[in-house]
Structure formats: structure tokens, C-alpha cells
Amino acid sequence: MEADWNELLRIPLPPPNPHGLPTVATTIAFDDVSELLWAGNEYGRITSFYGPELQRYTSVRAHPVAEGPVRQILFHERGVISISSRSVHMITRRGLTQWHITHDEITDLRCMSFTAQTNKIIVAGCQKAMFTIDIDKGTIVDKLRTEHNYVLMKRSRYLCAATDTGSVNALSLTDFSVVKSWKAHGAAVNDMDARGDLLVTCGFSIRQTGSPIVDPLANVYDLKTLSPLPPIPFHAGAAYVRMHPKLQTTSFVASQSGQLQVVDLMNPNAFKLRQATVSFMLGIEISPSGEALAINDAECFIQLWGSPAKIHFNEMSKEVEFADVTPRPPQVDWSPEIPLNVIGMPYYHERLLSAWPSHLLFEVGSPPAPIDPSIVPYLRSGEMGQYAANPKKTRRYQVENTRALASTEPTLIAPKFLSEKAREQSKKADDPVGDTAASLAGARISGESEDDPLLKYSNVEIKYSRFGVDDFDFRFYNQTCFSGLETHIANSFTNSLLQLLKFIPLIRNIALHHAATSCIAESCLLCEMGYLFDMLEKANGQNCQATNLLKTFSSFREASNLGLLEENLTNKSLSSAIQAVNRFFLGQIAQDYRRIAPNSEELDMRLATIASESIRCMFCQNEIVRPGNTLVNELMYPAIDMKQARRNHTLRFSNILRASIEREAQNRGWCHICRRYQQSVMRKTAHRMPHVLMLNAAINSPACRRLWTIPGWLPEEIGIVLEGGQVLCFEGEDLRMRIQGQMPGLIIYDLVGLVAEINIPEHQKAHLVSFINVSVSSRERETRSKWHLFNDFLVTEVDKEEALRFNQSWKSPCVLAFQVRDARHMVDDTWKNFLDTTLLFRDWSLNNGRPVESRVMLSDEEKPTPGTPVALDTEFVDLEKAEINVKADGSQEIVRPSKSGLARVSVLRGSGEREGVPFIDDYISVKEPIVDYVTQYSGIKPGDLDPRTSPHNIVPLKVAYKKLWLLLNLGCVFVGHGLASDFRKVNIQVPKKQTVDTQYLFFHPSKNRRLSLRYLAWAVFKEYIQEEPADSNQGHDSIEDARMALRLWKKFQEYEDAGIVGQILEEIFREGSKLGFRPPPRNGVTTVLSRPGTAVTMQNNSGRNTPSTPDVGAAASAPTTPRQAFRRSIALTPSNGTFSGPGSGEFFTGSPLK
């Protein structure tokens, strides 16, 4: 290591997916053929980096996620070889797979090495066999039995292999027999390297207290004489070692704290020291040239060390092959005026494939007929496959046309877009009933369909028109007053569980009371649940989205490590995934609750089963008792004989629940008295039952699944008594008798609902739904059950028998929720009286940035009250571009619309002495990649949203959202232009009585046009706003837009008081049609910004393109004002309350009142 050696570069290992967090590198290695550095991660992915700049070159998923991390990487002239616990994989350096090897006896691979033959490798691990693999053929050529568990391998004069007990074996390179063995370290070998005749090892020894500690010595062995040499002292703890590739006696030794020592093994007193800036080092690797050193640390970074003037990885490297530069296509003058035959067709000399003769067309590979689901429960295993009795539903030798069956499979027909309905209504306004009938033709989602009763259980999918999601008719899927949740959001498979938690009154109360506290932690899942539950209640049947909550859920490293995120569900059933998410949600709720109330037992009383676990050694009878509290109980099933299931009372749901709470199991465990593993008995004793009993169905065998098929097996109510440390559980007639007898200590639980997995093979992929008895959480005192199906945004009422029937093979229960009967209808809204409004009256910043000078915080005298008007405007940036599918006919279908992120929030006073003065002007910290700042329209520039570089006041999304949520629940009335778009992107639901949208105030009933704020400002006040600045880095000012919307509202009030609203609107639209609804040029120069698509009649300046509708007679759901004088504006709004559209507008010389 020369004097100028230092850290040259530090890069994070790329995350496993675009929305994931960086992960640590489980192994790193320098390529000895090309100028590449390779790294593997814990998701089975290997990534390469090119040159000293570590430019990302290739990234390949080499092993399934379920196999865990990449353990080691080796290099061959033909490619790169990697291993995980259960497979060996080889790729080319460009990322193409060469071969992939698995074997029944490959269970836990740890290491590999080349043998004496350069075209063969040997792989080993903590298993009973080693395997020799031919690299050229990609096959296993030999299997070798071994008594040792090997964790590391290095090849030199011998094949040096380290065991998991701290020994190092020198193996023969020919037959792999043990030539010599050393007990190198007391506990384990952490790292080792061999080169020439020397072997150096680092490892751990056991302290007197029993915990391992890094040895302060690096052991050295002579492979020529097979004898140990004097060790190398390293007081910081020798954790990692690498031999220099050129200097045979020089070694790099490193500690876990980052201390590096370059030492001569023959002269330990001659050494050089360096200190790497790491919190915890995970490994080092030296390049074949000896001029570069890579360090892997626990903060997911890879550091590159070396001399800036000399660094290179290999002395002679093959040229790295990069992707070919795509030639630019020739310029073609493509316009409607140019005939297509001018372009011409390529010359051909053979017959075209499109002219394939019809007599050579054959139908092959017809899919087999599906198995009748009614016979699946009766299948029995045979010598080959399974068999069952013939149900005799078809004729003998009858053949089914499976292709025709697949093409005529009934599906849930998507409704027409709202814009299509609006156009049809304008053409045929006298037949609204016919239009509704046409929209609903072919499918019904409530009740039993004539074609297929399973349609309501199908996957539902949002279709997008050019106007975005607001053009989709959600009311087609939901005619109830309960809101559904949208899909097309990462991890939206949890929608069903979130709906279930919302309808449990006690959990709903906890979440809302917590959200009303001073908690502003970004990762607080309980706050996000409170916001979501409040939004679902205020929506009153309109569709909602759990964007903010799911974004918080995705940010948890624990959720990613446990494989709970959508990207990790490839090899995992949805049933087991949602049960794991249920455990995670409730555990995280408990942590979030204790963050504000650490000493409160309220959460334990409501959710936790207070219990203790006793573990008794069956040999010495020693017993250990420890707490065994749990938030979720897993059902445990005994051995089941279906012939006796109906008559055997031990197989009733109540008895299985009792055995699950008082679980008892036998297994082997460590006994500190016997000082060995002994057979032990674990028994759980419950001391207090919770108010909310959450259960995971845990169906893990066909026998357990058949138990649920018994009609009425799942009761709608159960009774539990804790008596003398035992749990007694009752159901059915037994429970009714004890209720009549007023049994002391009896706790009655009602079934609130359940989450079920729906897996209908002919109805797309598996998904989750929830069945919920909404009467439990209703505010009206009623005892009749009202069961509803929640299938994402499809919500419909079902009867109790259908909800609790599981004799269909495609419907399986996953999560159950019971609540004490005393808490029925206990919907607590007192949290609104205890809102912590501190956030509205004090500054909060991530970067101590300075807000705009005009912003003045609210004073105590200005505390908002119900009806207080505030002006709102927001700005957004693009996080993802729209995904568009171009069909064969050239038409385009929007598969997924663009995704926006909140970037700025401005809120102004709407009344008082400081009317129009902002009291909130926050820029939002955005952690996701931003694909477009849309500076011209948002005014947001690169760096504005980064707390490290932004000159503005930066706050987390949670803080900005909570401020708006507080204003909403304080009863403020929001004034703005195109508020529907702002509210949707902020992900907040505002009742119609609390919105004043100037887009609807200045709307003419007979005009198919929504006027832009820019045009209205000129038309009413003769003022120019949103003008194109001289500097392209400038853009809209949200404070200016909010203030203009406020002024327009005030002016509209003047028009109403004067009774001239109709006259004003007529004049505005008459003059606007002459000017194209744009302000005239200032001084003859056009200065108005024009968004793309301004030629379209239905537009939206607030960033939300939605259609308008000419039918305004039934405008029941448009935004309105809180004043009685705004009845006319209600009549001017379109149905569904979601239409808003930009127009580019202009007109009019000012108010006629002047």
C-alpha cells in the first residue's frame, strides 16, 4: 500500500427494485478476466460495476429470493459462477444465463473453489455431500460424502477448507481427502486466504461469559511443511484477511471497525496502517493487480481504495463488451398530407410469411379440459397422480372444445367511461334509462348474476381514458355508502385487511385518537390508519386510495426482510402473506401507540392476549416461565378424521380456538440445568382476553381446509371464560344456555369480519377480499347482521350464509376478527374535541429553511373554527410517467397513468384582517426518484425538494398532510381552483360542504367548458397570472394561484348579492369563445403558458385532466359552498363530483359592479 492510497469512491449497492431500499452486499469479488467488480445481495441478485468509476454494467437475478443471499462468486473465462444455499448459477459477463444447477441434496451451500482441473469446481456447505461440477457442460459429475460442514474454501497447494467449528482442513486436490487439519480458532473461522505456500486465517473464540470475540491474532500456516507459523498480532481484532496477489508474503488484515493493516508475514513488525470510514465492515477484496481494494460495509456501501494515478483491476483485461449503439431511424416526413405509398415497402425475393396457405394451418396444443371443482375434495392419491369417482356429468368419450370455453368465459364487463356517457347523454338526453341499461348489460355485481354468480369475486381493474382515473365509473361497482379502495398501487393486496381493521370500532377509535395527538413520526403506521379510516368515513361511498399508508408500509426494512411486500410474493401464497402482514400491522400499531403513551395499558386491554409460557424439561423437570403475550392467535388443528368431524365435538371451532389460545407442544430445546438438548414441553396459559380477538386461519393442509367446508362451522358469535387458569370456549346452543344462565365471567365475542383468498382459475389470478358485518360498527343500534363484500373498489351486500360459506374450493379464509359484544356500535368521535393543533401555530422544518417572506404563522386569536375559509393550492412533480399500450391498429390504451408526488402546499387566510396572507407554505421532501419536475408549471426546480440543498422550508409529507387534515377536521372551508385534483393527489377526502371550487362557480349550464384560473383572472380582474417567465427555470406560484381563487370567490359573492350571476357568465363565455378562452396577448406579445392538449375542450389547470358533462340536472355531488346563497352553484356542478377540466381562457373588462 503506497502513501497515496486512500478511499477513491463510495457507491451504494442498488436496491432490489425501483421502490426498495439499498441492501448490504453479501459478497464482493474482482473479476480476473475483465475490468469488473461484482457484488451479490441477499435477494439472489448479482451486479457488476465497470472500471475505477464503478459504472453499473450488468445486474441479474441469479437465484430465487427464497434461497437467500448470494454466498460466493467465482470467475471463469467463459463466465461468472455464483452460489446460494440451494443452487449454482453461471452467466456470461453480459448477463445471459449459461446454466443453473439444483439437487435434492443441495440444501445449504456456503462455498466453492476450482479443483486441479480448471474446467471443474467443487461446491460444499453445511450438508453431508460435496459436488463436483463440470463448467463446460453445466452438470454435476461427482458427489463426495463428507463429515464436515465447510463454510470457506481457498485453493493453493492444497484445497484449504474451513469448517463451522473453527477448524481448517487441507484437502488433496485430486481425491479431496483430508491431508492435514488444524484447530485454527475456538469458535469459527470468519475469513481466510491462501496463496503460494502460505495460509492466513481470522476468526472468533469464546469468552468466559460464553459470547464470541474476534481473535487479536491472525494465524499463519506453511502449506509446504503443513505446520503453523508465528501468528500476526492485530490488537483491533483480525476479522478479514487477503493475501497480496504479487507480493507472496504481504497480507492485508482488517478489523470490523475499519482498521486496515498491510503486514509482511515474515516480518510482522513492518506494517502500514489505514483507517476506513465505516461503522461496521463486512469484508474486503483485493484486485488481481494488487492496485485496488474493495471494502463492503453494513451501511450498504462499497468503497474503492487505491492510488488515483495507478488504480486498475487487472494487468491484462479483456475488453468489456457494451451494448451496441442503436442507429437512429431515417427521418420520415410523417403527416396527414403525405400518402403512405410514398414511403414504400422493403424489397423481398421470397414468399411472405403472411401468405401462408390455409391447408398448412393446424390446431395443436389445445389446453386440457379443467377438472370439475366438485370432485377435488374427493381426490385420492394413486401410484401415478390422483383419482376420484366419475361424476358422470358428460357423455362417454365426449370431447370439450376448451378453446371455445376459454373464449366465452363470462367476465365482469367494465362500464363505459364517464366521458362516453356524457357524450351519449348530450346526443340522447331524453333516454337516460336506456343508457344506464346499456352500461349494465352483461353483468350484475349485486345479487346472483344470470350468467355467473362468481362475477363479483373476479379481479377488478381500473381502466384509464385520456382523462385519467377520474373518467372511470366507480359507482358501477359500488352502490353502497361504504367506500372501496383502489388498486394499481404497490402493496394494494392489503386493501382487504385495511377494510377489516376499519370496521372494528375499537381499532378504528385507537387509530383516530392517535392521529389526533402530536405524533408526526414519518413511519407511524397507526397515524396513517387513522387518516385512512377518517377518509373512508368522509367519502361516504366514493372510491378512496391508501397511497400514503402503503407508502409508509413499503418503507419498513422489517417488512421487506420478512418478504411482506408485493415484490417478494412471487413464491408465496396470498393467504400466508396477508396473515404475516396482519401480525406485522398489529405489532407495528402497538409500537406506534406506545411512542405517545408508553405507560398506557389501553392497547394491551384491547388487542393483546395476556398470557405466560412455561417450558419444562422432561428429564430434570426444571421449569421456566416467561411472558407469552400475543396480538394475533394462530389456529392449531388436531388430527382430523372427516368421517367423524360432524359428530366429534373436539373439532368444533370453539374447541380448536381454545386449544390455539392454550397451546401445548413438545419439542427439543436447550436445558441449562442438564447442559444439553432435551425433550421439553411448552404450555401457554392465558390470564386476560382482549377486547378484539384477531385470528389467523393458518390452513396448511387439505384436511384443515375440509373442516371449513362443514356448513355453519364458523360461528357468528362465541363465548370465552377464563376459569382457574383455563380457557373455556362456547358456541351455538352451549353459548345460548350460558347466556341465559348468566354465567359469571362470560365474554361474548361477535364476528366482525374476515379476509378470504379467492382463487378461481378461470377468473384471472388469485386475490383477496373481505366479508364484513357492517352493523357492528354502525352508529345506529341494530342487532340484524349486514354482511358486505369488499373486493377492492367493488362493494356489494351479501347474505350471511354466502359470507360464511367455505365449501367452494376457490374461497379460503385467512384472517378472522372478533370483538366483544359490549363494544358493538362503540364509534367514538370525541377525538375531534382533542385535536393537537400545535403544528398549525409553530414552524417545523427538516433543513431550517426560510419560508417566503409573506408567510405569517397563525396567532392564537386566529385559531380556525367551523366555516373558516382558507385558500389552498398545491404543486406536484412527476414520479412515474404514464404506461401506454399501443395496439396493433395504432390506438393507444393507458395501462397506468402518470404518478405524481406532492411538492408544495400553500394555504392562505380566507378572511379577517390578514385575508390573503399565507400561513402555510411548505415544500415536501420527496424520497422517490423524480422523473420530471415540470418546472414550467409547478415552479419546482431540481434541488428544491432535497433538505441538503433546498433554500426553502422542507417538511416531510406527514407534516404537510397533517396540517391539511387538522384544518379539515377543524371545519375549515377550502377555497381553490380544481380542488378535486389537489385532494386526490394529496390523498385526502374533503366533504362537499367544505369546498368552494371556482372551477364550478364560473360554470355555465349549457357550455361544455371548464374555465381556467388564468382566463378567469383576466376575465374578471383584467390581470395576467401564470405568465411565461423570461427565465425558463421559473413557473407557477401556488400562493398567487390560491390568492386569485380566493379573490374570484369573493367577487362571485358580489355577483350573487347583486343578482347578476347569469348575466356575468353569459358575457364571460361569449367573449371567451371569441378569444379561444385565453387572455389576449399583453402588448401584442403572447405571454400565456399553454399546457399540452389545450385544444381539448375538457382540461384541468390543476394537473388533473377530467371530462366535463353537459348533464347538470342531477348534480348532487359537486363541490358546494357553505353559504345558503350558493344553491345556484350546486346546480351548476356535474354528477359524481370528480369532473374538473382545464381550459385556456380569457375575456372581459371587469366587474359590472364598478
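Yeah, the Cβs are placed from backbone N, Cα and C, and that goes for glycine too.
Record check, Swiss-Prot: divalent metal cation site residues include Asp873, Glu875, Asp982, and the candidate from Asp822, Asp932, Asp1037, Asp1041 also listed there is Asp1041. Long-range contacts of the repeat 'WD 3' (276-315) within its own chain (CB-CB distance under 8 A, at least 6 residues past either end) are made by residues 2, 4-13, 21-25, 27-37, 39, 49, 52, 54, 191, 239-240, 242, 244-247, 252, 254-260. Under a cutoff of 8 A between CB atoms, and with a sequence separation of 6+ in the same chain, the neighbours of Asp873 (divalent metal cation binding site) are Ser906, Gly976, His977, Asp982, Ser1038, Ile1039, Asp1041, Ala1042, Ala1045. DSSP states for the repeat 'WD 1' (20-59), grouped as helix (H, G, I), strand (E, B) and coil, give 0 helix, 24 strand, 16 coil. Across the repeat 'WD 3' (276-315), the DSSP tally of helix, strand and coil residues reads 0 helix, 18 strand, 22 coil.
On the 0 to 100 pLDDT scale, the domain 'Exonuclease' (870-1048) averages 87 in the predicted structure. For Asp1041 (divalent metal cation binding site), the number of other Cβ atoms no farther than 10 Å from its own Cβ, over all displayed protein chains, is 27. The number of other Cβ atoms within 10 Å of the Cβ belonging to Asp982 (divalent metal cation binding site), over all protein chains shown, comes to 27. For Glu875 (divalent metal cation binding site), the number of other Cβ atoms no farther than 10 Å from its own Cβ, over all displayed protein chains, is 27.
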